[in-house]
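The annotation domain 'Nodulin-like' is assigned in TrEMBL to 13-259. The transmembrane segment annotation in TrEMBL covers 79-98, 110-134, 146-168, 174-193, 214-232, 238-261, 324-342, 392-411, 480-505, 525-546. If you look up TrEMBL, you'll see 421-554 marked as domain 'NFD4 C-terminal'.
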Amino acid sequence: MVFKLSPASPAGKWLGFVTAVWVQAISGNNYTFSNYSDALKSLMGLTQLQLNSLSVAKDVGKAFGLLAGLASDRLSTPVILLIGSIEGFIGYGVQWLVVSRRIQPLPYWAMSIFLCMGGNSTTWMNTAILVTCIRNFRKNRGPVSGILKGYVGLSTAIFTDICSALFADDPAKFLLMLAIVPFVVCLTAIFFLREIPPSSTAAEESDETKYFGVVNVLAVIIALYLLAFDVSGPHGGLFSQVFAAILLVLLASPLSIPIYLAAKSFIRSGSDTVDSEKSVTEPLLAAEAEKKVVAASLAEVAEKRRPVLGEEHTIMEALKTVDFWILFGSFLCGVGTGLAVMNNLGQMGLALGYADVSIFVSLTSIWDSSGGSYPGRFQNTLSMEYTLRRRIPQYFDLLFILAFSSLFGTFPTLKRAGTPRPIWNAASQILMAVGYILMAMAMPGSLYVGSIVVGICYGVRLAITVPTASELFGLKYYGLIYNILILNLPLGSFLFSGLLAGFLYDAQATRTAGGGNTCIGAHCYRLVFVVMAIACVIGFGLDVLLSIRTKSIYGKIYGSRKAKKSSVSNLH
């Protein structure tokens, strides 16, 4: 009896997803700038505005993610991953050469180019992973998005804590990790991740949901493990090495799913399944033929009219809709301000008198994975799936009703089912605004609380916007639509980090002997936080508007899922 593991088999499909998780767990290197920004600032004698402009160059790399979006419909997943891994190896490799003093500091424009390359490399990785996995698990696109984006959030903490444990926060060795580790992991994913047909039966979808739950639990364990390391104080050499070894084991633990499926398939491969296959295949083929007839008739109708929300849109059709630009604007207010905090955490911590700022970077990362994990992205995504299928729990009802009724007198989109995803964005915008106000007040511990709040809300934005865009505008051109939306990262970085934070910091700073400048005190970033809080309130209004406009779409999504569930129950 011979057993082969093909990419289209259940085990092969999940092995590809596990490697995708690994890629996401190392592709958040674009958010680690604060870990080595102070070394660049002192080495190159930069002002804060110049340093922030370098961070903008890093984020401008994401603007070229449009190339990755265009390539996603023309190139295979392995080729896209290879491009991203090579570009990241070069971009971060040159930065390592400079910070480690193996070469003289490059001209400012040259450093900007290599930071841009490092930033752009992640767009190729993320596009390959997101587009492929959402197409492979299209009926579970919400959990898929939450899991993958959650691991992106954890990646910053993973890099930061491993560097702290093994290399004593050496910025040069940190950059060496950023160059080598993503390159090696992407090469691994190249062999296993492929685009394959999605699940076709309710039983397969149910199994997928259970396995996603396992991955979620493992991610929670990793997040709590990283958090425990961060808050437990200084560690000895042996303890740090043991920590790193256990972390690697935890990251490898999702392999248990494809191993289980492979063993299950191997055990069953010797049994005679011809009759059962025939009994299952015939009605499926008949149903598939019926679906093709219906799809053909619908296509003829679609050619005669402009698509509505929830149907497949071309790029130009999506860009012509008001809803796309509402989503774009609200996304800018959330991720733009959040990215400004991530890029400036190093200087924010130093301004408030903290000698070691790596813990703030790590906290933001862990709780960012919570803006979709348990602290964030994963938990929120599962909660959002619950609101689509059933209804929001009463305490969320109360929270939202109080918030919205205080501003508008009523909130019409909270019903028993089909709650729009953008409502979670609205909640995150208000919470983020509160976080910025706390940071502006500069009370003892406010930077700890603020970094956690910003991490959660930033993660919520990414975890929600990814499936929202696919639900409103379809999956056919999703790779390019996704990369158009993340143009907000360089745009937000330029507006809130490069201009706002850079100019206001330099206005308060004093010159140093080396040609740079520094600012100590709560006043350094107070006005920056206030302006970003106002931006979040504007984003809140946009999210409320989008929730109202898409209420009927999510009602149809809920109705479709409910009807399908009922039909499956009747068959049994």
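Yeah, the Cβs are placed from backbone N, Cα and C, and that goes for glycine too.
Below 8 angstroms of C-beta separation, residues 48-49, 51-53, 55-56, 58-63, 65-66, 68-70, 72-73, 123, 127, 130-131, 313, 315, 318-319, 327-328, 331-332, 335-337, 339-340, 343-344, 347, 465-466, 469, 473, 519, 524-525, 527-528, 531-532, 535 of the same chain, each at least six residues beyond the ends of the transmembrane segment (480-505), sit close to that stretch. Only sequence-distant pairs (6 or more apart) were considered; of these, fewer than three Cβ pairs between the transmembrane segment (324-342) and the transmembrane segment (238-261) are under 8 A, so the stretches are not in contact.
The average pLDDT for the domain 'Nodulin-like' (13-259) in the predicted structure is 86. With helix defined as DSSP H, G or I and strand as E or B, the domain 'NFD4 C-terminal' (421-554) counts 108 helix, 4 strand, 22 coil.
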